[in-house]
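Chemist: Pulled the feature table from TrEMBL, pasting it below:
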DOMAIN    49-129  domain 'Core-binding (CB)'
DOMAIN    151-321  domain 'Tyr recombinase'
């Protein structure tokens, strides 16, 4: 039951909902009745949890995930950048709030960055609805998501690869961080492995003619990568060069920094270390079919793999005759 009475310049309604006494003030008696009807039909909306509090709770729920550090930073940045939005109760949030947020962010960062932040918010709302029972609907569900960024088409040429290795001072007899990164460049092109995967690679993960990538997105949690003769030769050189449990024994941030420095020193531009993966995929696509390429790269979605399967229309035409 609810009680409505005149209060200052409007009306106040008091009601017991889910065993709790709740009081609200509105300009008109009609708005009091509308609120009471909505609150009783959707009791989840009366729980006073702010977006800030929900995001902090979501952070704890993803602590064991691989992307926790980067997603935690994105959440903190969102809370600090949009305090008015973050301090709203979940049941107060509207599609307009997030359309405005999206438009502001698109003036500050690329669409891909907005999509990553969007994924975090959507993940939080999914838990808030299905598990935490805080709200009934996702206020972002009717807001248009920024379009996906077209895939990069940058292939690193062999000439550019040699220039990068020269700038990194590749030397089979010298054990330096720069030298190990130069071997990473070769290994990335041979295997299509990501920078982080190579940085975490242990000698115990290798059993010729394959290596195992732990924590891969497969049922067993391990992805097997076949090794070419050249990839095995690179590993043999590194084993003689560097005595450590880790094959390359270098941090991803260090790889990025020294690679960029070497690229600049070589007078090159327009590509990153990650583009070596696309380069590898392009080369591998000429040797193996799409299904095998998917297994090597760890892709479950063949449509995404087409980004890397760069066979030209001219090459395909030759196969038709």
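Every residue, even glycine, has its Cβ placed from backbone N, Cα and C.
Unlike curated records, TrEMBL annotations are generated automatically.
Give me the local environment of each listed feature.
Modeler: Per-residue pLDDT, averaged over the domain 'Core-binding (CB)' (49-129), rounds to 93.
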Chemist: Summarise the domain 'Core-binding (CB)' (49-129) by DSSP state, stating how many residues are helix, strand and coil.
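Modeler: DSSP composition of the domain 'Core-binding (CB)' (49-129): 63 helix, 2 strand, 16 coil.
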